[in-house]
Amino acid sequence: MTMNSSIIKNEQAYLDLLRLVLNEGTEKGDRTGTGTLSHFGAQLRFNLADGFPLLTTKKVHLKSITYELLWFLNGSTHVDYLQQNGVRIWNEWATSEQTARFNRPAGDLGPIYGHQWRNYGATTTADGQYNSDGVDQIAQVVEQIKTNPNSRRLIVSGWNPGEADQVALPPCHTLFQFFVADNKLSCQLYQRSADLFLGVPFNIASYAMLTHMVAQVCNLEVGEFIWTGGDCHIYQNHREQVELQLTRSLYTLPTLALNPNVKDIFAFNYEDISVDGYESHPAIKAQVAV
């Protein structure tokens with residue numbers, strides 16, 4: 001596969017990208033000391049009418065994806081909400097050793113995704129906390145989709161260069177843009193750093209879920225989710241897992257169901273979101289690089 005070949009959509013495109021990076025990626029060092037095979041610049045397209053893009057070639061933990069997205073939308077940056085709901089995906093970055101790097105207590109991840117989405121550019125208090133005087137980008141973009149759907153400014157940015165060194169992990173999925181055409185809502189994500197085996201399957205499902213949620217509250221149908229990656233990499237200690245995944249056949253994608261009574265993007269609860277018909281191969285364990 002080359003990156004300018006004919007467009008292949010949905011999960012097969014993801015598998016083709018894994019194969020490309022595994023076979024042709026450049027060996028590079030990285031911040032974690034693990035080492036990667038890397039490829040710069042890739043795009044995957046998922047037609048959301050074909051199903052919900054939750055990978056079937058390995059089981060993906062939907063509960064973690066759903067709670068994390070609700071956590072982002074709530075504007076929270078502390079892991080207590082996740083941990084109370086049995087989600088551990090941020091634990092490695094929430095230790096006292098990690099948070100001491102930017103002078104915060106254990107569990108406080110700093111101004112990461114939720115803060116940037118809901119309170120971008122907020123001023124700080126004397127104790128280093130944030131006032132509620134920033135830009136609520138989510139509320140703003142939903143209102144713009146409703147009132148000015150032809151706008152080319154339907155953008156949310158998680159990347160704040162002035163705060164990128166004040167967080168447990170600078171945002172990997174940095175910016176997303178919505179697009180409305182023919183009464184359908186599409187979303188494109190730009191991900192600066194893409195851990196193809198562990199992280200990207202979560203990111204694809206999370207932003208596809210968000211697209212469904214925003215579409216519902218804006219009375220639109222869903223169109224495409226488009227994932228665009230910058231540094232697309234496979235960690236050296238994930239190579240065997242990737243090779244195993246590439247031996248597996250595809251199942252039909254499941255469908256996402258939302259409680260149709262929810263009309264406010266901030267009113268969704270975990271129980272309002274479900275996936276039907278998810279059939280997959282078993283999970284494949286791998287170590288996260290911190």
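Cβ coordinates come from backbone N, Cα and C, glycine included.
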Of Asn183, Asn203, residue recorded by Swiss-Prot at the dUMP site of Arg31, Arg152, Arg153, Arg192, Ser193, Ala194, Asp195, His233, Ile234, Tyr235: Asn203
Cα-Cα distance linking His233 (dUMP binding site) and His61 ((6R)-5,10-methylene-5,6,7,8-tetrahydrofolate binding site), given in Å to the nearest integer: 21
Where Ala289 ((6R)-5,10-methylene-5,6,7,8-tetrahydrofolate binding site) sits in the secondary structure, as DSSP reduces it to three classes: coil
Tyr235 (dUMP binding site) in three-state DSSP notation: strand
Rounded to the nearest Å - Cα separation of Arg31 (dUMP binding site) and Cys172 (active site, nucleophile): 13
Farthest-apart CA atoms of His61, Asp195, Ala289, residues recorded for (6R)-5,10-methylene-5,6,7,8-tetrahydrofolate, distance in Å: 18
